[in-house]
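> Okay, so TrEMBL annotates it like this:
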type     : residues : note
DOMAIN   : 73-560   : domain 'K+ potassium transporter integral membrane'
DOMAIN   : 576-820  : domain 'K+ potassium transporter C-terminal'
TRANSMEM : 107-133  : transmembrane segment
TRANSMEM : 200-230  : transmembrane segment
TRANSMEM : 242-260  : transmembrane segment
TRANSMEM : 266-288  : transmembrane segment
TRANSMEM : 315-333  : transmembrane segment
TRANSMEM : 345-366  : transmembrane segment
TRANSMEM : 387-407  : transmembrane segment
TRANSMEM : 439-459  : transmembrane segment
TRANSMEM : 471-490  : transmembrane segment
TRANSMEM : 496-519  : transmembrane segment
TRANSMEM : 526-545  : transmembrane segment
Amino acid sequence: MAAHQHGTAGRGGGGGSMEIFPYSYSSGRDLELVDLPAEPVDVKRQDSLYRDATMPAHHGHNGQESWVRTLRLAFQCVGILYADLGTSPLYVYANTFKYGVHHEDDVLGVLSIIIYSFVLFTMIKIVFIALYANDDGDGGTFALYSLISRYAKVCLIPNQQAEDELVSRYKHRSKPSATLRRAQWMKDLLETSKTAKVSLFFLTILATALAISDCMLTPPISVLAAVNGLKLRAPHLTTDETVWITVGILVVFFAVQRLGTDKIGYTFAPVVFVWLLLISGIGLYNTVKYDVSTLKAFNAKYIVDYFRRNKKKGWVSLGEILLCFTGTEALFADLGYFSIRSIQLSFTFGLLPSVMLTYIGQAAYMRKHIDTLDISNVFFQSIPRSLFWPTFVLALITSVIGSQAMVSCAFATMSHLQALNCFPRVKILHTSRRYSGQLYSPEVNVFLCIAACVVTVSFRTTGFIAKAHEICVVLVMVITTLLMTIVMLLVWKVNIWWIAVFFAVFMSTECVYTAAVLYKFTHGPYVPLAMSAVLMFVMAVWHYVHVKRYRHELERTVSRDAARDLLERGDLKRVPGLGLFYTELVQGIPPIFPHLVGKIPTIHSVVVFITVKSLPVPHVHVTDRFLFRQVEPKEFMVFRCVARYGYRDALETAADFVSVLVEYLQYYVRDLNLYGVVGDEPFKIVFHSARVDSFSWEKHSSGHAVYAEEMLTPAQSFSELTMHPVSMSSRLAHFQTGKMNLEEMLKIEEDQKIIQREVDNGVVYIIGESEVVAKPHSNLFKKIIVNYVYSFLRKNSRNGEKMLSIPRGQLLKVGITYEI
């Protein structure tokens, strides 16, 4: 493992060596000695706070869920996941046969393609394969990238290092098999090749940009297709009128988003369930009444005949046929609400038969009325006259529900992008205390509303919107296949032949669909690609400058000696209160701190450097949230802290954050005083409980001073340690410390009182306002990107204090300019 060369505060600077001695102290309900190698192990010294800052907490449950819970979740799935897939019969045939049906067997050919495409891409690929590639229960393209990043260091921001392997669950073996060798090869490729890292990052942001673009298209096409059904009962209704009715519904739909989607599954599931039951019943009725022989479409021979008969036109029509599985990406992305088994159960026995019966019934009706058919409204024409209005109302409501799933997916996607530092800050609200994945963003909601209305007014018909919709669906499919292949190699370590079969089958068929969609590029697909290109440009600029700024600060972190000299300055004054100094660095003291002290030689009595860090996991439990380290000299009460959050965790208000932070800082001070100096020899203590909590010590060349570098989380409360049947003195006997005496207890109490007193004196939040500009000798393109584009995005995004809910009266901003 390569040592870090960056200087850090306290004892974190430079490379060196550390000896791990033959004994390790383990604390839990039972005291145990853990045997380590008999000989000391010399390893390169790492900044341990840096190392552990990326350690995820695993609090998920892997136990078998009860069937009652599974059935309840399966019912909720219907409301959230299947509305979009369940409304696709409204427009698939209408767009596929927009120029008419020229041969009655063409209907069977298209139906056969729909059946096998739906089963292959939605059922087999997503429901029975991709759902298992989840990140602690969270799904979607971002979750695939997050899962890969936990097994290989692919993040472009340099806040990882070699010891992350200890928490990535990637294990080396002395005699690796062929699958493990391939996994290691993939891991080395991703970590050593900048091209591979950038390509993986590019695919991820492309998929997220396409998903957001899809969210602009799904509400218009679904609602407009449902509203068009009115023309059968109101023939005088013009296209303009249906467009403006759709716009009105969309405005109301987006306006109510701010109310949140709490208990959305139970609210919408009955409606969607009735819809699926109704359309499947109508499909069965039409099949029996008009043409039972339509069931011949299960014979794949009709697919071959369809392409032989229609040739190029048949191939081009694949773009419209793939609309049958639009909404599949949302099904995967919304996995976090449910369980794999509940989705598989509800999909196999609920959605699949309902949708298949609907397509078969429509095909039977079309074959019977091929000469008199109005293909633009075939769905509502195939409905018995007495059921028209109930079906129309349910179609409209279900279309809105399907749009809701996609918009909720957009909110979650935007939250993920901000966790990756790939998008300007926007406000993210958690609308439910019970369901952590239910999010709302006012800025994103307004943007989607305007975009959806513009798309509706501009395109006016479902045909053009459908063509734009197709490219989003097919490219996300292709990207999912690529990322899934990496997961199979790196994470699952599957037999190479299974990986080859998966890649060959899905990539070949998806490329055929992609080619068919791109053939009609000028007729619609360019629209979402243009929107995605704009979003990707914003993401790339924001991330590029963020990485450059992080590296700039990292190279200029304050060294241990410089920090000591700074704190021991004769003219430095201490003022009452707790100063929380926010920084993005997970290691070292940022260069903006000496800039502040140089201008105003005053700091608070207690100072904590805070880094709010997003981990590639959905959630981090509060007990695993904080990493602390004290900066020398100890009497100055200066600490570093990394506050870790998952990408689905909500940030607390400033007051709540401080109360929890102080509580865990008290724990850290307690244990630091209790175990901080324990003798003349270096050694390592490891606490084993439900989590991995550790101290580490370092031996300096100047002597045998021993320092407690950091504590991940409180191992146990003080009372638990002292009340345990095994006395404290016996626990620490082999550490050459003797007993915990009264002086140590008083020291702990005094330090804790100092912290609490300064909190009572007032908390001041210090945020560095770092302006970033390109160096004078930079090329013109870089100057435009950094000085103008990034500056514009930064000025029009939310400030840090708003994201952290910091009261204005307690805020102190420090300005500095970085040239990158």
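Going from the start of the chain as shown, residues are counted 1 onward.
Note that Cβ sites are derived from N, Cα and C of the backbone, with glycine treated the same way.
So that I understand the layout, could you describe where these features sit and how close they are to other parts?
Remote same-chain residues near the transmembrane segment (107-133) are listed as 85, 92-93, 96-97, 101, 139, 143-144, 147, 294, 296-300, 302-303, 305-307, 309-310, 314, 317-318, 321-322, 324-325, 328, 331-332, 335, 340, 343-344, 347-348, 352, 355-356, 359-360, 363, 366-367, 370, 477, 480-481, 484, 487, 491-492, 502, 505-506, 509-510 (criterion: CB distance under 8 Å, separation of at least six residues from the stretch ends).
With a cut-off of 8 Å between Cβ atoms, the residues of this chain six or more beyond the transmembrane segment (266-288) that come close are 75-80, 82-83, 86-87, 89, 294-295, 350-351, 353-362, 364-365, 382-384, 387, 390-391, 394-395, 397-398, 401, 404.
Packing against the transmembrane segment (345-366) from elsewhere in the chain are residues 70-71, 74-75, 77-78, 81-82, 85-86, 88-89, 92-93, 97, 101, 107-108, 110-111, 114-115, 118-119, 122-123, 127, 273, 276-277, 279-280, 282-287, 289-292, 294-295, 297, 324, 373, 375, 378-379, 381-382: each is 6 or more residues past its ends and has a CB under 8 Å from a CB in it.
Sequence-distant contacts of the transmembrane segment (496-519), counting only residues of its own chain at least 6 positions beyond either end whose CB sits under 8 Å from a CB of the stretch, comprise 120-121, 125, 129, 178-179, 182, 315-319, 322, 467, 470-471, 474-475, 477-478, 481-482, 484-485, 488-489, 525.
For the transmembrane segment (526-545), same-chain residues at least 6 beyond its ends with a Cβ under 8 Å from one of its own Cβ atoms are 156, 201, 205-206, 208-210, 212-214, 216-217, 417, 420-424, 451, 455, 468-469, 471-472, 772, 785-786, 789-790, 793, 820.
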> Please check if the transmembrane segment (387-407) comes into contact with the transmembrane segment (471-490), where contact means 3 or more CB pairs closer than 8 Å and the residues in each pair are separated by 6 or more positions.
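Since fewer than 3 Cβ pairs under 8 Å link them, the transmembrane segment (387-407) and the transmembrane segment (471-490) do not come into contact.
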> Where else in the chain does the transmembrane segment (200-230) make close Cβ contacts, counting only residues six or more beyond its ends and a cut-off under 8 Å?
84, 87, 90-91, 94, 140-142, 144-145, 148, 154, 156, 190, 237, 242-243, 245-246, 249-250, 253, 326-327, 329, 333, 376-377, 379-380, 388, 392, 395-396, 398-400, 402-403, 406-407, 409-410, 413-414, 416-417, 422, 448, 451-452, 455-456, 459, 461-462, 465-466, 468-469, 471-473, 475-476, 479-480, 482-483, 486, 528, 531-533, 535-536, 539-540, 543
> Within the domain 'K+ potassium transporter C-terminal' (576-820) only, compute the mean pLDDT.
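Mean per-residue confidence for the domain 'K+ potassium transporter C-terminal' (576-820): 70 out of 100.
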> Counting only residues 6+ away from its ends, which parts of the chain sit with a Cβ under 8 Å from the transmembrane segment (242-260)?
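Here the qualifying positions are 219-220, 223-224, 227-228, 230-231, 396, 400, 403-404, 407, 431-432, 438, 440, 442, 445-446, 448-449, 452-453, 456-457, 460.
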> Could you pull out which residues elsewhere in the chain have a CB under 8 Å from any CB of the transmembrane segment (315-333), counting only those six or more residues past its ends?
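Here the qualifying positions are 81-85, 88-89, 91-92, 95-96, 98, 110, 113-114, 117-118, 121-122, 126-127, 130-131, 139-143, 211, 214, 218, 307, 343, 355, 359, 402, 405-406, 409, 412-413, 466-467, 469-470, 473-474, 476-477, 480, 512-513, 515-517, 519-520.
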